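According to TrEMBL, the feature transmembrane segment maps to 15-36, 42-60, 72-93, 158-174, 209-231, 237-266, 273-292, 304-337.
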Amino acid sequence: MRLNFLTKTADQPEFVLRAATVAAIGAVFIIVGLLWWKLADLLPTVFATILIAIAWRGAAQPLAARFGLSPGLSLLAVALSLVVALTVTLTAFGGQLLRQYDEVAIDVPAAVAMITKLIEEHPWGRFVEQFVVNVDFSKAAAPVAQKLGAALGSFGNGLAYGLFAIIGAAYIAADPKGHVNGILTLTPAPRRERMARFLDRSGDALRRWLLLQLYVVAMNTAFAGAALWILGVPAPLALGTISGALAFIPYFGSMVALVVGALVALPHGVDSAVLAALAIGGASFIEGYLITPYLQSRSLSVPAVVLLFCMLAFGSLFGAMGVVLAVPATVLLHVAYEVFLADGKAA
C-alpha cells in the first residue's frame, strides 16, 4: 500500500517498519562516522601492520624453504638478521651519520634565514611587505612552539603505534592462514569465494609492491648519495638517506628531498645548492623514469593520476601517515575493483 502522509491512511505497521529502517540506517551512518573520527589514527596502523606482516613473511619464506625451518624460527631468523644488519651499519657509519644529520639541522634554519634576508633586501621583497605590513611576525614563535610540541607528541604516539604494529605483524606473519580463515568465516557464504580471491590477489600485489619499493629506496639512496659525494655537497650520507627514505612517497617525496638538499647546501654557496639539487633531482629522474617504469611493468600498474588524487585524499583523511600509506592502499583498492566489480561484470 502506498503511504499518504497527508491523509495518514497508510498501513500503520508498515509505516512504523519503514520509519524504523530509516532511523536504523541513519544511526549506522552516525556510528560509522564517529568510529572513523575516533579511530583515524588506528586505521593506518592496522594497514601498516598488514604491510609489515607481508614483508616479514615474504622474507621468511625463502629461509624456511631453504633450511627447513618452521614458520616461527624463520620469522625469528629474519628479525635477528635485521637487528644484526642495523647494528653493524650503525657501528660502521653511525657516528658519521649523526654528525651529518647535526649539520643538516644547523644548515636548514641558516638557509631559511638567508632566504628571508634576501627577500627583505630585494626590491620586490619590499613590495610584498607593503601587503603584509600589518602582520605581527613577532607572534609567530608561539604557534611554531605549539606545533613543535604537537610534533613531539605525535612522534611519541608514532613510536607506540609502531611497536603495536610490529607485535601485531608478528602474530599475522606467524599464522597467515588462520587470520585469512577468520576473515572468510565472517564473510557471507555467497561472497566467500570472491573474498578468498581478493585476499590472495591483494597479498600478492602488496608483496610485489613492497619489493618494488625496496629497490626504489635502495637505488635512490645509492644514486643520490654517490652523486652528492662526487660533487662535493655537504652531508652526502645524510642527504642520500633522506632522499632514499622520501622516495617511498611518489612525486612529493622527491620534491621534498630536493628542497631539503638545496637548503642544506645553500649556506655553503649557491653553486653548492645548485649541485645538491642537480644530484638529488638526477637520482630521482633516473629512478623515476628509467628504473621504476621497468620494474612496474612486471608489477601492478596504477594510473598516475589515480595515485596522485588518492595520495591527496588519504593525506586529508589520515595526515602524514595517510600520504605514506596511500600507494599500497590504492593498490589494494585497485585489486578490490578488479575482483568485486570488474570480474563480476565479466561474469
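Including glycine, each Cβ sits where the backbone N, Cα and C put it.
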For this session: Sort out the residues at least 6 away from either end of the transmembrane segment (42-60), same chain, that have Cβ-Cβ distances under 8 Å to it, and list them.
Result: 36, 71, 74-75, 77-79, 161-162, 164-166, 168-170, 172-173, 176, 203, 206-207, 210-211, 318, 321-322, 325, 328-329
Exercise. Of the listed stretches (158-174, 209-231, 237-266, 273-292, 304-337), which one yields the highest count of Cβ-Cβ distances below 8 Å with the transmembrane segment (72-93)?
Worked result: 158-174
Seminar exercise, completed: Across 209-231, 237-266, 273-292, the most C-beta pairs under 8 Å with the transmembrane segment (304-337) come from 237-266
For this session: For the transmembrane segment (273-292), could you work out the same-chain residues 6 or more beyond its ends whose Cβ comes under 8 Å from its Cβ atoms?
Result: 111, 212, 215-216, 219-220, 223-224, 227-228, 231-233, 239, 243, 247, 250, 254, 257-258, 261-266
Exercise. What residues in the same chain, six or more past the boundaries of the transmembrane segment (158-174), come closer than 8 Å to it by Cβ-Cβ distance?
Worked result: 41, 45-46, 48-50, 52-54, 56-57, 60, 71-72, 75, 321
Exercise. Under an 8 Å Cβ to Cβ limit, what residues of the same chain, 6 or more beyond the ends of the transmembrane segment (209-231), are close to it?
Worked result: 51, 54-55, 58, 237, 239-241, 243-245, 247-248, 257, 261, 275-276, 278-280, 282-284, 286-287, 291-292, 295-296, 299-300, 327-328, 331
